[in-house]
């Protein structure tokens with residue numbers, strides 16, 4: 001458990017806190033001393049007692065049968081879900097046909113013009129280059145399918161998120177009710193959302209869009225509420241004194257004042273929707289995600305990468321453009337005044353239509369089939385070389401497969417067996433102690449209840465297996481992440497060199513990592529852990545670097561003037577002062593690691609991830625939903641255990 | 001302000017949703033939004049994750065597009081969800097099914113939303129396999145009675161003190177856990193979690209000539225790369241696998257089947273007629289699979305190569 005909490009920052013707690021921590025621990029010890037013998041006598045002290053589980057497989061199986069039998073006749077489906085599904089299909093189709101009608105040149109022109117207007121010339125060039133690269137990789141049509149799906153999903157997420165955010169921003173009661181729900185939704189692995197949506201909507205685009213909306217709407221809601229609540233009271237006062245009605249106040253003052261948060265929300269929503277685009281291919285989303293998924297089925301890393309790169313490009317471009325719109329930087333602001341809004345919009349549309357018509361007349365609406373670049377083969381050759389030379393038998397250090405074997409035998413096995421050996425009530429106790437020490441009694445209660453729910457669902461053992469993988473991966477991630485983050489914080493050159501790598505690692509669909517890690521580490525839990533480390537590392541590095549860099553310069557200066565060496569400055573000033581950022585890094589690391597360890601079920605990670613994959617693959621609601629619920633509980637528990645104070649609004653830095 | 005535009009769009013979208021009709025909206029009769037773009041006739045085929053299924057689809061796709069003038073969409077769906085998608089018309093056809101009695105009863109007999117499309121011509125078989133180089137060293141390893149004697153050979157970090165029996169994707173039919181228990185074998189079933197992971201691992205083992213025992217199935221292109229020999233399990237008898245917990249016999253030989261959405265089967269025109277006639281041999285399928293998975297040709301290229309060299313086979317499907 002020590003790995004999850006990062007003991008280093010705790011030593012930096014001020015004295016009075018430490019004594020309060022002792023008090024908390026003593027209280028818990030007393031409770032434990034009272035309860036443990038009782039629980040022990042009643043239910044024994046091994047794994048979670050069977051008497052305390054609820055078997056949900058029968059009711060879930062019959063619920064699943066009911067849905068399948070009534071899907072084409074029951075009014076609930078005909079008059080409610082049917083319409084939602086129809087609307088999604090219609091909208092996606094409309095967007096897709098528009099994109100196809102605009103052709104590659106039209107879409108590129110439109111994208112570049114929009115980027116130019118909101119973010120300047122450089123990003124416009126970048127956008128055009130990125131879109132053309134998608135075509136050059138031979139992925140134009142899948143890219144448009146993904147884009148169509150994304151447009152609809154993002155619009156729906158923004159609409160839902162903004163409405164919820166508006167409600168939470170205006171009403172305190174709703175805010176209190178929504179906040180824990182949104183907090184929780186943000187820490188859940190995307191994989192856990194898929195099954196319930198598939199059950200109702202079946203495999204296909206509607207299910208994919210809805211799963212994406214559920215996943216991507218929470219940040220919009222949180223940031224909308226945050227923006228509305230953060231409006232400057234003096235401005236509001238002034239507007240009120242001018243006699244504005246409530247409605248006018250909202251529309252003319254509060255919403256415009258929250259513009260920055262709203263655009264940040266849009267940015268976050270787009271990023272999360274894109275990361276879902278690939279996972280949703282498991283339930284029939286089509287497009288780029290499906291290409292990645294199909295390529296991985298034939299162990300074709302090169303082809304998977306060819307489909308993964310457009311996703312990364314889209315993500316980077318959309319991220320930069322929306323971020324620029326949010327900060328309203330540079331020449332975009334000046335042009336605001338020189339060229340009026342409607343005028344610019346008309347020009348953009350006019351140019352797009354002209355370009356589209358021109359290409360149509362030239363008969364070049366579809367991407368020229370000769371102009372594609374085959375990257376699959378060189379990539380595959382590189383991967384083959386790596387696996388051939390690194391897998392085993394490397395002198396002195398041993399091959400990657402040997403490392404994986406040692407890691408499994410010496411780290412994963414002992415941690416898992418240790419966790420499973422612990423009496424069930426002591427696991428709850430440890431969870432309570434950790435979360436109470438770092439957070440409040442509320443977070444502790446949530447964490448303990450979540451852990452207990454896992455036991456009640458009857459998946460105690462696999463959950464602890466997953467937990468052991470998460471702990472091992474988090475430990476590795478933190479060691480590597482803190483080291484890299486410290487290096488980057490101390491040297492500008494390192495940071496500059498790292499930034500593009502981090503960008504790519506973070507936006508690369510998790511699925512693309514899975515096959516290379518198998519080739520390097522074999523099948524089992526080790527590759528799952530490796531993929532999780534690669535995925536979570538960028539966020540941890542980033543938050544660490546930012547945290548260390550934001551340390552008060554005055555404090556550093558005074559330390560320096562006292563003659564502290566570089567090492568002393570780091571250990572005694574920067575790290576203690578950046579404690580909150582480091583804890584946030586731990587928290588983010590845990591959340592991201594969990595998401596990938598679950599997907600690791602697809603490369604032999606077993607445990608809960610395998611159960612979810614099994615449920616999806618076999619349409620077995622009982623196994624899949626129970627495992628999904630356990631993942632939710634595990635995520636909730638891990639988040640609460642590592643959550644120092646109120647979390648920051650951003651996810652994944 | 002952009003926010004307001006978004007709201008307008010969202011409002012427009014919901015209005016559109018309400019205006020699309022006032023009657024019932026049956027979402028089980030919905031096509032993919034990517035289908036029939038620009039007025040072309042489209043067929044949607046389900047591709048399962050294994051390469052053999054990709055070969056069927058690639059060749060069917062090639063012929064549909066180049067000889068019959070259809071546009072073909074493919075969707076990757078796991079086996080059981082594919083049945084559901086087929087019954088809803090999200091997918092028009094499944095070209096290779098390994099036998100799902102529950103689904104057949106529900107969708108063909110009870111709901112009549114799926115129609116049988118005849119046999120694929122390929123017979124599938126699941127079994128336990130060891131690499132042939134291992135059989136040369138230990139000829140008696142191909143009998144399950146001797147597996148316990150060799151368990152130590154198959155030990156890995158993942159299986160701990162017991163031998164490792166590697167299983168694949170969660171979507172595949174497997175009785176392996178029950179088999180290991182009922183035959184009292186000192187083995188641990190390790191789930192690779194996906195076929196891709198399993199193949200990658202098998203290739204790595206084979207490269208170093210290490211022993212391994214794996215759940216595998218024929219026809220499969222990997223046999224040509226890594227020769228494997230089946231381990232004889234107690235023979236299969238009709239009904240011996242009826243109780244999933246008590247199975248102690250080998251897997252059956254299954255003639256693979258095609259299934260069509262019943263609406264598509266009736267009114268699918270030339271495409272439906274073609275898919276019903278589509279029937280080839282194990283060798284044909286393997287040839288295409290090997291081109292896709294090992295020579296890394298794209299499925300389209302592989303299909304084109306095969307079609308060019310086997311006109312006598314596919315001409316029959318079009319007549």
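For all residues, glycine too, the Cβ spot is worked out from N, Cα and C.
Database features, via TrEMBL:
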type     : residues  : note
TRANSMEM : A:76-92   : transmembrane segment
TRANSMEM : A:99-117  : transmembrane segment
TRANSMEM : A:123-141 : transmembrane segment
DOMAIN   : A:143-322 : domain 'ABC transmembrane type-1'
TRANSMEM : A:148-170 : transmembrane segment
TRANSMEM : A:190-217 : transmembrane segment
TRANSMEM : A:269-289 : transmembrane segment
TRANSMEM : A:301-322 : transmembrane segment
TRANSMEM : A:343-363 : transmembrane segment
TRANSMEM : A:421-438 : transmembrane segment
TRANSMEM : A:443-460 : transmembrane segment
DOMAIN   : A:463-642 : domain 'ABC transmembrane type-1'
TRANSMEM : A:466-489 : transmembrane segment
TRANSMEM : A:621-638 : transmembrane segment
With the transmembrane segment (A:269-289) as the reference, find which of A:76-92, A:99-117, A:301-322, A:343-363, A:443-460 contributes the most Cβ pairs under 8 Å. A:301-322
Could you check whether the transmembrane segment (A:148-170) and the transmembrane segment (A:190-217) come into contact, where contact means at least 3 Cβ pairs under 8 Å with the two residues of each pair 6 or more apart in sequence? yes
What parts of the chain pack near the transmembrane segment (A:190-217), using Cβ distances under 8 Å and only residues at least 6 beyond its ends? 64, 67, 71, 77, 81, 84-85, 88-89, 92, 149, 152-154, 156-158, 160-161, 164, 269-270, 272-273, 275-277, 279-286, 595, 598-599, 609, 612, 615-616, 621, 624-625, 628-629, 631-632, 635
Long-range Cβ neighbours of the transmembrane segment (A:99-117) (under 8 Å; 6 or more residues past either end): 123-128, 131-132, 135, 140, 144, 147-148, 317, 321, 332, 335, 344, 347-348, 351-353, 355-356, 358-360, 364-367
In terms of Cβ proximity under 8 Å, which residues at least six beyond the ends of the transmembrane segment (A:343-363) contact it? 101-106, 109-110, 113-114, 117, 335
